[in-house]
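What follows is one structure encoded as structure tokens, with my remarks underneath.
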4 protein chains.
Amino acid sequence: MRVGVLGAKGKVGATMVEAVQAAEDLTFTAGVDAGDPLSQLADADTDVVIDFTHPEAVMDNLKFLIDNGIHAVVGTTGFTDERLSQVRTWLAEKPDVAVLIAPNFAIGAVLSMHFARQAARFFGSVEVIELHHPHKADAPSGTAVRTARLIAEARKGMPPNPDATSTALDGARGADVDGIPVHSVRLAGLVAHQEVLFGTQGETLTIRHDSIDRTSFVPGVLLAVRQVAARPGLTIGIEPLLDLG
Amino acid sequence: MRVGVLGAKGKVGATMVEAVQAAEDLTFTAGVDAGDPLSQLADADTDVVIDFTHPEAVMDNLKFLIDNGIHAVVGTTGFTDERLSQVRTWLAEKPDVAVLIAPNFAIGAVLSMHFARQAARFFGSVEVIELHHPHKADAPSGTAVRTARLIAEARKGMPPNPDATSTALDGARGADVDGIPVHSVRLAGLVAHQEVLFGTQGETLTIRHDSIDRTSFVPGVLLAVRQVAARPGLTIGIEPLLDLG
Amino acid sequence: MRVGVLGAKGKVGATMVEAVQAAEDLTFTAGVDAGDPLSQLADADTDVVIDFTHPEAVMDNLKFLIDNGIHAVVGTTGFTDERLSQVRTWLAEKPDVAVLIAPNFAIGAVLSMHFARQAARFFGSVEVIELHHPHKADAPSGTAVRTARLIAEARKGMPPNPDATSTALDGARGADVDGIPVHSVRLAGLVAHQEVLFGTQGETLTIRHDSIDRTSFVPGVLLAVRQVAARPGLTIGIEPLLDLG
Amino acid sequence: MRVGVLGAKGKVGATMVEAVQAAEDLTFTAGVDAGDPLSQLADADTDVVIDFTHPEAVMDNLKFLIDNGIHAVVGTTGFTDERLSQVRTWLAEKPDVAVLIAPNFAIGAVLSMHFARQAARFFGSVEVIELHHPHKADAPSGTAVRTARLIAEARKGMPPNPDATSTALDGARGADVDGIPVHSVRLAGLVAHQEVLFGTQGETLTIRHDSIDRTSFVPGVLLAVRQVAARPGLTIGIEPLLDLG
């Protein structure tokens, strides 16, 4: 499989160039950055392009790739419903081309959310603790909020967490996200970590994800590169690739 | 739903009697123990019977229940292939009756194994740590061995865990169960705990199950009681009830 | 060493009677409860008495024990400064007699607090997470509040935890106890657990205490029984016995 | 305080140069590497020098520093008893000069070992789990072996861990280091982590250290730089600086 990289001089793009070069089953074709002609990718017989660029560039990139029959794996942000709809329109005319756009390529994070949603119905209690470095601006993290919402949705119709708290200091019981308590720890020496705790009579189940390195997206991107061609059309997120049933 | 209990004077059976009595949507009909007539269960219009008895008693119990159109949820051990085959033969003549036999009703344990199997394909590294009270005779625990085997099966065709260990003390790297290292901790103050650790570039995923009380089987048995009637014939394990897709 | 128990028919007292009887180096002399004559303890040549009784009874008990030259290990609550001062006055006349009064005999809990206080000065960040069963009325737990205060005291003069949070949901960052964030989780299947997390550049240190059984006070009481005679006068808490330097 | 760095172009040395420059209470004087004249350090009125160089260079460095009345904080390895003895001889003639040599500057690691040794006497059970990246050559880690030995020494005279294991797979119960089971996990996505688990009746205490970044030595070196002058003569390890009593 012949793989090119868009945004090849960015931090993430450069990491992906290295990763493609290091993968025995992939051949690196071309790294393209702002100002370089996109035609390099087509000229080099590229099968799949990885795009970690910029919201302002990504739509032009996708138009070119789809027109040239090149599959795309996209980590660039900024996809509104309108943009997704535009991509679908372009793809409708090229039924063999596949585009995968994902907000998060860390497989551990995606599996954590999937498992949390599956477990949600079977435990009377659930809380989320997320722990990050102290430079983070938002609390809770976006991932924790999304996880709590997925859990809350899966628990629709179930009674709320049992909780006999009658005397509490402000904040002790965490933030309430759709009925799920979420606690945010900010600690020097941490990177990005999350625990989902489930409890029922006599037992607890904990799903913990630790990300200690900004390269944790690499295995997920490579997984997408290897499988994208088998899924013509538009795919959102890597969860469908994981074949979790 | 009208529910009876076989083995009602045993430790587990007595716990189940209490649990049925405490459940608002269930009506307790009769508790039967060795020496009591099984007919009590039929006379009380029982829909479902919970059987935590003895390998020597359970086949007679099942024959009676199936003949009388009563569903069964069975935690009694000792089911060989022959016994299961016998139960299927009896059920063939009573197509509306449902029997569920499970070796483990702890939902957290069952989900842990399910998630471990699902995650296994996506991480280059996996190890299992199980931690129990120091009175346990076997190491690793049966659950840890079963978990490791399920993981190994899911990873067929994948390269083994990376491991550069060249100098090691005997035992440091754990027991090898089908290529998965399993570590057994025996510590006063513990009950029954298990961690499955998965790792890939820059991130890890941990699935931890803690069981601190012998009543952790209760929610799983009640789940089975409520759903068994919808699954005529023989069901093995509670995993099919969890509808995990 | 000959050991008696006051409050011998209470839940805690009965557990202590069993524990003394099971200890090879201790001889059980007498179990006394409300209504029984205290003289039984003296008549049986008791060296040390364990008192888990009631605030209304404990002062009379102590008067009798001190007068009769019997050492006391006391877990009964309700000791005001006035009461402690009274006990010291009684002890002044019996310089060989030892009384130890402790609010918490769980060695793990006492060590956790000691270690947390020692570590506090060396980490820029510290937070406390306490996790309990959902029947608990107060949040945070008394132990967590006490732990946070000890840490805050040890950190006097140090800069506060770094924290760039600029957008937060109410409660996400926990309760503020003297500048230390404390998070309270309430989950079915838990008993009483606490984590103190310390962080600095590139590393974290976590001190975790899990109590899963109401008998966790036993080893601390036995430790006190064995060592109390060596400490004439009044001792508060078991920490001095731990000889932590 | 005026601070210089020896080995300033090495990875560790360069990190220390940055750290000194970033510290408000410290003034960076000179960075010296192989080939540069040591006199630069004295010429710049340096109070304390940090030495992360090489076993072949460090003795000459120390001779120069001591002769010139400059304190030293040394992370270079290779100090035999003979070398330490030589340093003491040099220091005897310069009673105001202080040298601190430490094998490990990570405060969390040092505190973990200290706490483990303190806790060791109070728990019937103890085991060590260390978890590292899969490129590590030795199992268990040197730190885990040292931790286990310190614990074993503190437990002299105590009965061994209770353990009823009668059927075990080879390696399941870990490596035996002076009677303490030590388990080594090797997992992609990890850096360097260690847990010491203590257990007694109804409770456990866990001391966990996570190091996720090679700069975790920085806070310990800076602590040593700030305090070394107050400890004339030779100090081994940073533990004495921590004033743990």
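Note: Cβ is positioned from N, Cα and C throughout, glycine not excepted.
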Of D:D33, D:D36, D:D60, residue recorded by TrEMBL at the NAD(+) site of D:G7, D:A8, D:K9, D:G10, D:K11, D:V12, D:G75, D:T76, D:T77, D:A102, D:P103, D:N104, D:F105: D:D33
Three-state composition of the domain 'Dihydrodipicolinate reductase N-terminal' (D:1-105), taking helix and strand from DSSP: 42 helix, 23 strand, 40 coil
Top Cα neighbour of D:T143 ((S)-2,3,4,5-tetrahydrodipicolinate binding site) in the set of recorded positions D:D33, D:T76, D:N104, D:H132: D:N104
Minimum Cα separation from D:N104 (NAD(+) binding site), reported as the residue among recorded positions D:H132, D:H133, D:K136, D:G142 that achieves it: D:G142
Chain B, Cβ under 8 Å: which of the recorded positions D:K11, D:A102, D:N104, D:K136, D:G142, D:T143 qualify: D:K136
Residue with minimal Cβ packing [other Cβ atoms within 10 Å] among the binding-site residues D:G7, D:G142: D:G142
Recorded positions compared (D:K9, D:K11, D:H132, D:H133, D:K136) - highest count of Cβ atoms within 10 Å: D:H132
Cα proximity to D:G142 ((S)-2,3,4,5-tetrahydrodipicolinate binding site), best match among binding-site residues D:G7, D:K9, D:K11, D:T76: D:T76
Between D:H133 ((S)-2,3,4,5-tetrahydrodipicolinate binding site) and D:K11 (NAD(+) binding site), the C-alpha gap once rounded to whole angstrom: 20
D:G7, D:K9, D:T76, D:A102 filtered to the binding-site residues whose C-alpha is within 10 Å of D:K136 (active site, proton donor): none
Sparsest-packed of the listed binding-site residues (D:N104, D:T143) - C-beta count within 10 angstroms: D:N104
D:T143 ((S)-2,3,4,5-tetrahydrodipicolinate binding site) in three-state DSSP notation: helix
